[in-house]
Structure formats: structure tokens, C-alpha cells
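What follows is a single structure, written as C-alpha cells, with notes after it.
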Amino acid sequence: MSAPSLPPAWQLYLKDHRISTFKNWPFLEGCACTPERMAAAGFIHCPTENEPDLAQCFFCFKELEGWEPDDDPIEEHKKHSSGCAFLSVKKQFEELTLSEFLKLDKERAKNKIAKETNNKQKEFEETAKKVRCAIEQLAASE
């Protein structure tokens, strides 16, 4: 009988899983922001066509790009998202009690909902602006 697998969101609590996301990461040996150090700081690599070095904290969902070889991932994370609870965890995730883990994951879920809500609000505002412009153009043409 095989061991049960973790839900995808929980797999990101495992550093090795986060490291595995850093395919084609531009900074390897001799750099401060290696995949191992990025993953230790909570980041996953989620590149886009225009942002090949885009990394996102799996916990607070803060996205950072424009990395330089000497950037320290932990310091950058603290500077741009000082309230991220991931940064204050002092134990390995495998050492957390179930209660500690669930309390922590509740914070991650809240962060995810806040990020998704913010994205939807921006999307709505952009659509509303386009519709408003279209209505104004219709009114002006009459």
C-alpha cells in the first residue's frame, strides 16, 4: 500500500518540492539566489514570457522579479512582505503539530483568497473602465 499523497497546496510546504519548480532558473552556483536558497525563503519559480525570473512565495503569494545574482532571498522576502508568517516559522514543517500546521495553513488560505479577490477586483475595474469608454463613445456618436 502506497503512502497517501499530499494535496498540491500542501506539497509546497516541502522545500524539495519548491526547489523542483526552479527549472531554467538563471542563477545557480556562485549566486546568492540559488534555487535552494530561493526555496528555503518560501519561493517557487513561476516564470512568464516577459518575466523569466518571476518567483512567488507559496505562503503570502508575494511575487518578485528582477532578481540580481547577489540578492539574498530571505532579505528580499522580508523587505517586500515583512508580515509573511512563513518567515517566522522556526521549525521544519515536518516537525509541526497538526494544530500548528492547520493554524498556519489557515493563514496561507486567507492570503490566497485575498490575492484572488484583489486580482478579480482589478479585472472588474479594468472591464468597467472599458465598458464606460464604450458607452461614452456611443453617447458621443449620437
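Yeah, the Cβs are placed from backbone N, Cα and C, and that goes for glycine too.
Worth saying up front: this structure is predicted, and the values here are computed from it rather than measured.
Feature annotation from Swiss-Prot assigns Zn(2+) binding site to CYS57, CYS60, HIS77, CYS84. Here Swiss-Prot flags SER20 as phosphoserine. Taken from Swiss-Prot, the feature N6-acetyllysine covers LYS23, LYS90, LYS110, LYS112, LYS115, LYS129, and the record attributes it to similarity to another entry. The phosphothreonine annotation in Swiss-Prot covers THR34, THR48, THR117. The feature repeat 'BIR' is assigned by Swiss-Prot to 18-88, with a curator's inference given as support. Here Swiss-Prot flags GLU126 as site 'Interaction with FBXL7'.
With respect to their backbone Cα atoms, THR34 (phosphothreonine) and LYS23 (N6-acetyllysine) stand 12 Å from each other. Helix, strand and coil counts under DSSP for the repeat 'BIR' (18-88) come to 20 helix, 8 strand, 43 coil. The subset of binding-site residues (CYS57, CYS60, HIS77, CYS84) lying with their Cα within 10 Å of the Cα of GLU126 (site 'Interaction with FBXL7') is empty, i.e. none. If you check the recorded positions SER20, LYS23, HIS77, LYS90 against LYS112 (N6-acetyllysine), none has a Cα inside 10 Å of its Cα.
When Cα-Cα distances from LYS23 (N6-acetyllysine) are compared across the recorded positions CYS57, HIS77, THR117, the shortest belongs to CYS57. Minimal Cβ crowding within 10 Å, among the modified residues LYS23, LYS112, is found at LYS23. Summarised as a single figure, the pLDDT of the repeat 'BIR' (18-88) averages 96.
For THR117 (phosphothreonine), the nearest of the binding-site residues by C-alpha distance turns out to be CYS60; the candidates were CYS57, CYS60, HIS77, CYS84. Spacing of LYS90 (N6-acetyllysine) relative to CYS57 (Zn(2+) binding site) is 17 Å (Cα to Cα, whole number).
Distances between the Cα of SER20 (phosphoserine) and those of the binding-site residues CYS57, CYS60, HIS77, CYS84 are shortest for CYS57.
Counted over every protein chain shown, other Cβ atoms within 10 Å are most numerous around THR34 among the modified residues SER20, THR34, THR48, THR117.
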